[in-house]
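S.K.: Annotation comment: Swiss-Prot describes 1-41 as region 'Disordered'. Annotation comment: Swiss-Prot describes 11-30 as compositional bias 'Basic and acidic residues'. Under the heading [4Fe-4S] cluster 1 binding site, Swiss-Prot lists Cys29, Cys43, Cys46, Cys52, citing sequence analysis as support. Taken from Swiss-Prot, the feature ATP binding site applies to Gly82, Lys83, Gly84, Gly85, Val86, Gly87, Lys88, Ser89, supported by sequence analysis. Annotation comment: Swiss-Prot describes Cys255, Cys258 as [4Fe-4S] cluster 2 binding site, evidence class sequence analysis.
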Amino acid sequence: MPSLVDPVANKTDEGNNRTDLKAPEPEHCPGTESEEAGKADACQGCPNQDICASAPKGPDPDLPLIKDRMKGVKHKILVLSGKGGVGKSTFSSLLGWGFASDLDREVGLMDIDICGPSLPKMMGSEGEQIHTSLSGWSPIYVSDNLGMMSVGFMLPNQDDAIIWRGAKKNGLIKQFLKDVDWGNLDYLVVDTPPGTSDEHLSVTQYLKESGVDGAVVITTPQEVALLDVRKELDFCRKSGIKIIGLVENMSGFVCPNCKGESFIFAPTTGGGKALAEEFNIPFLGSVPLDPRIGKSCDHGESFVEEYPDSPATTAILDVIRQIREAVGDPQEDEDDDMDE
């Protein structure tokens with residue numbers, strides 16, 4: 001089983017010398033081999049500044065390995081949110097289950113929310129351990145065509161806190177990309193932490209050469225959530241990440257008895273649809289609140305399969321249909337299949 005003690009060796013570009021540091025890297029360390037090492041704002045006052053500034057620099061030797069590993073992945077999709085608590089990881093799990101409901105598609109789910117890994121619980125794979133082979137780390141498979149990877153599988157105890165600075169998080173993300181034997185995938189869904197942190201910068205940097213299809217941004221209707229989504233959209237544009245679209249999650253509650261709809265989070269400024277129009281990005285739809293989504297996540301079940309008649313399932317499947325069209329993999333119409 002891979003160890004959490006030292007996710008990635010801190011080597012120079014020759015690959016055989018470790019950069020000896022006087023003190024642990026600061027939280028926003030750009031990396032000791034980065035072009036910004038010793039020069040970035042986070043380096044000011046760091047005891048390692050002189051060491052990093054004088055260390056040999058060069059192209060990251062792992063980038064070609066990542067590019068080679070990602071050759072077998074057709075579509076890479078980031079799931080982002082500006083604020084925590086809007087259902088980003090929940091929606092990542094729904095995307096994983098939804099893409100995998102097409103048995104002709106191979107799907108991977110990568111959890112880079114290093115300090116808050118919740119996907120193992122949501123996917124019903126808590127307690128599983130990562131196995132290694134000559135091909136690399138083996139993903140944990142929750143169905144025949146849906147594999148996943150998370151730091152949650154590497155914890156000795158599920159309640160253990162992960163207290164890592166940026167450089168160590170970045171090292172693990174790099175290993176998820178270059179060491180995991182993803183095989184040939186149609187979709188790799190990447191669940192990220194909220195905000196714009198080291199994890200976001202790392203995954204966009206590491207996947208730059210192999211290409212990212214784009215980002216799906218999750219929000220809730222209220223302005224407090226939209227404030228942070230605006231920053232997330234700005235991050236995408238500055239980083240050169242295409243925005244596939246915006247999803248408004250928990251947009252309303254449909255009573256299962258009277259079918260009336262109540263808006264739990266009032267869209268005081270127009271909600272996600274108005275924001276999408278403001279930024280001229282696609283609005284993928286509104287997903288109503290259904291308490292059974294939480295129940296399915298707690299039990300590690302596929303909500304869309306367990307509750308196919310839910311209005312939330314209809315909305316989720318429509319979002320998936322639009323994402324597939326956006327990346328050039330439109331769903332085949334079931335009626336057409338029957339005619340054939």
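Including glycine, each Cβ sits where the backbone N, Cα and C put it.
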S.K.: Out of the binding-site residues Cys43, Cys46, Cys258, give me the one sitting nearest to Gly87 (ATP binding site) by CA distance.
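M.R.: Closest by Cα distance to Gly87 (ATP binding site) among the binding-site residues Cys43, Cys46, Cys258: Cys258.
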S.K.: Quick one: Cα separation, Cys258 ([4Fe-4S] cluster 2 binding site) versus Ser89 (ATP binding site), in Å?
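M.R.: If we compare the Cα positions of Cys258 ([4Fe-4S] cluster 2 binding site) and Ser89 (ATP binding site), the gap is 30 Å.
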S.K.: Measuring CA to CA, name the entry from the binding-site residues Cys29, Cys43, Cys52 that ends up nearest Gly85 (ATP binding site).
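M.R.: Checking each of Cys29, Cys43, Cys52 against Gly85 (ATP binding site), the shortest Cα distance is to Cys29.
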S.K.: Hey, does DSSP put Cys46 ([4Fe-4S] cluster 1 binding site) in a helix, a strand, or just coil?
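M.R.: DSSP assigns Cys46 ([4Fe-4S] cluster 1 binding site) to coil.
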S.K.: Between Cys43 ([4Fe-4S] cluster 1 binding site) and Gly82 (ATP binding site), find the distance joining the two CA atoms and give it rounded to the nearest Å.
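M.R.: The separation of the Cα atoms works out to 26 Å.
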S.K.: Have a look at the binding-site residues (Lys83, Lys88) and report the one with the fewest Cβ neighbours inside 10 Å.
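M.R.: Candidates: the binding-site residues Lys83, Lys88. Fewest Cβ atoms within 10 Å: Lys83.
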S.K.: Look up Gly82 (ATP binding site) in the DSSP assignment and reduce it to helix, strand or coil.
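M.R.: In the DSSP reduction, Gly82 (ATP binding site) maps to coil.
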S.K.: Taking the center of the Cβ atoms of Gly82, Lys83, Gly84, Gly85, Val86, Gly87, Lys88, Ser89 at the recorded ATP site, which other residues in this chain have a Cβ no more than 8 Å from that point?
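M.R.: Everything else in range on the chain: Ser81, Pro194, Ile218, Thr219, Thr220, Ala225.
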S.K.: List nothing but the one residue from Gly82, Gly84, Gly85, Gly87 whose Cβ has the fewest other Cβ atoms within 10 Å; the candidates are the binding-site residues.
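M.R.: Looking at the binding-site residues Gly82, Gly84, Gly85, Gly87, the Cβ with the fewest others within 10 Å is that of Gly85.
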S.K.: Here are some binding-site residues: Cys29, Cys255, Cys258. Which one has the most Cβ atoms within 10 Å of its Cβ?
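M.R.: Top count of Cβ atoms within 10 Å goes to Cys29.
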S.K.: Taking Cα atoms as reference points, which of the binding-site residues Cys29, Cys46, Cys52 is nearest to Lys88 (ATP binding site)?
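M.R.: If we rank Cys29, Cys46, Cys52 by Cα distance to Lys88 (ATP binding site), first place goes to Cys29.
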S.K.: Please tell me which one of the binding-site residues listed here (Cys46, Gly82, Lys83, Val86, Ser89) sits closest to Cys255 ([4Fe-4S] cluster 2 binding site), measuring Cα to Cα?
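M.R.: Checked the binding-site residues Cys46, Gly82, Lys83, Val86, Ser89; minimum Cα distance to Cys255 ([4Fe-4S] cluster 2 binding site) goes to Val86.
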S.K.: Which one is it: of the binding-site residues Cys29, Cys46, Cys52, whose Cα lies the shortest distance from the Cα of Val86 (ATP binding site)?
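M.R.: Result: the closest of the binding-site residues to Val86 (ATP binding site) is Cys29.
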